[in-house]
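Features of the protein shown, as given by Swiss-Prot:
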type: REGION; residues: 218-509; note: region 'Catalytic'
type: BINDING; residues: CYS310, HIS361, HIS486; note: Zn(2+) binding site
Amino acid sequence: MSAELIAVYKDEQIIDLESAKVLGLSDGIKALNGTEPIYFDDSPLALEVIRHSCAHLLAQSLKALYPDAKFFVGPVVEEGFYYDFKTASKISEEDLPKIEAKMKEFAKSKLAITKETLTREQALERFKGDELKHAVMSKISGDIFGVYKQGEFEDLCKGPHLPNTRFLNHFKLTKLAGAYLGGDENNEMLIRIYGIAFATKEGLKDYLFQIEEAKKRDHRKLGVELGLFSFDDEIGAGLPLWLPKGARLRKRIEDLLSQALLLRGYEPVKGPEILKSDVWKISGHYDNYKENMYFTTIDEQEYGIKPMNCVGHIKVYQSALHSYRDLPLRFYEYGVVHRHEKSGVLHGLLRVREFTQDDAHIFCSFEQIQSEVSAILDFTHKIMQAFDFSYEMELSTRPAKSIGDDEVWEKATNALKEALKEHRIDYKIDEGGGAFYGPKIDIKITDALRRKWQCGTIQVDMNLPERFKLAFTNERNHAEQPVMIHRAILGSFERFIAILSEHFGGNFPFFVAPTQIALIPINEEHHVFALKLKEELKKRDIFVEVLDKNDSLNKKVRLAEKQKIPMILVLGNEEVETEILSIRDREKQAQYKMPLKEFLNMVESKMQEVSF
């Protein structure tokens, strides 16, 4: 079965077997020229077809179990597929096995999946009395609609789909949630069931293993267990509280970045948290980003709480006159920003309403774009290497709606391409995916569970310098407009630390661990030595804790291990008298002894091992 053709890929579109017939091709899909065949396997294109059909299998099963069920949409998403629906019956996660069993029953029935096309009028009549399907049709332009049918079940859909339910053998329903109709909080709440599907048993098994690992590594769970951060309903959703250990971890990353930024010629700056709405109108945020912003009024003047740091940095640039000799100017700020996110999308530290960006803006001449971007790529590589992340780049080019002339866009895009080539970085191209004001490079990192995360970005901006009338004096003593490069490598500290926590499963490397060394005195008489050693380690900028509660030695060691502390030192008579320390080293997965002075030198050198 693995070699069976299920669809083809042509002109960036998947065409299934049924669609080929509807197109009037006498030999079906084989008559299509210039196509890429899609076979039944675990390749990305095949999985899109498989998961879409599995969403319909889910809907068919729900209809059989709950005859009053009505369906909205059931798309393929990054984590599999889902279907939004409503029913008068109460459904919980306990019902998922029953629904899954019904899906398997229909799959074994080997139902042919067929397609027909209807006019809008016919489709409205076919789904008469189904307000959810009418809502779907109201959002679709055009007068032709596809309807796919399997057994007694049919659904409005453009495809693509498998030719038969017999292909669907390896799937799993993963969770149940609520979802507002069309994502609008003002609409009714629907039920959403998520699922996953693969062509092979191995694909499903590997995925389910990853899901279990992800649950163990969930940064929200680790945040509580390790005392890193918390949320408080009295404060508000999406507003994290950094606890001492989490703040230590974050500070270490901030300090390492600051050292590197200063060495790379960046200047620290700081803008206000709130700015008059007048500047947000100049920047375009007021017209294009207002729904994501918070506002307040002071002395009858409207202010916007900043969702981005760029305007503040522009004002820093405008605080003095500049010549070509000053450029490039590199400003950085750990800028706190606020963005209005709907409550349904908030997710631990990954999606919050207040966060801090490792933000920088570079003001340079057009000719300096390539060298500046090249330096950022070098910086990015060192950071990702330090945290053991693999990563990929995506270059986004000019969209249909944009400002500036073709020549400027082409030069800016080529400068980014040349910088990527200079560093021998393979990259994908997202045609038309750039911002309206310039091309960009997105940095996507891959964690230990092979999940990809969008973090940093490098954006060339030719819009804001024009809006704010920025200028520098060039070599000919004429005013020239600088280019502005927006640059964030981590993205935000909140998001990066969430990803970092899950990547390492809380076992942070020594150089950023919130507690690097645990000292465990066996008895009260060893406590003085532990405190002296603690002071020596603190002088070397080591985060150290003395576990001196009145517990058994084994319990204290287990506590330190549970807290995922990289080094544990047990201090007894022998250690105090000889100053030869007993060390449990998580990284080396070993226990060994070392003289005190040698140990202090070792941890000092470990702190110097990592730099960006």
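Every residue, even glycine, has its Cβ placed from backbone N, Cα and C.
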- Output the one of HIS361, HIS486 that, of all these binding-site residues, has the highest number of other Cβ atoms within 10 Å of its Cβ. HIS361
- Message: Using the Cβ center of CYS310, HIS361, HIS486 as the Zn(2+) site position, which other residues in that chain lie within 8 Å, going by their Cβ?
- Response: MET308, ASN309, HIS313, ILE314, ASP359, ALA360, GLN459, ASP461, LEU464, MET484, ILE485, ARG487
- Task: Only counting partners 6 or more residues apart, tell me which same-chain residues put their Cβ under 8 Å from the Cβ of CYS310 (Zn(2+) binding site).
- Result: SER283, HIS361, ASP461, LEU464, MET484, HIS486
- Between 0 and 100, where does the mean pLDDT of the region 'Catalytic' (218-509) sit? 94
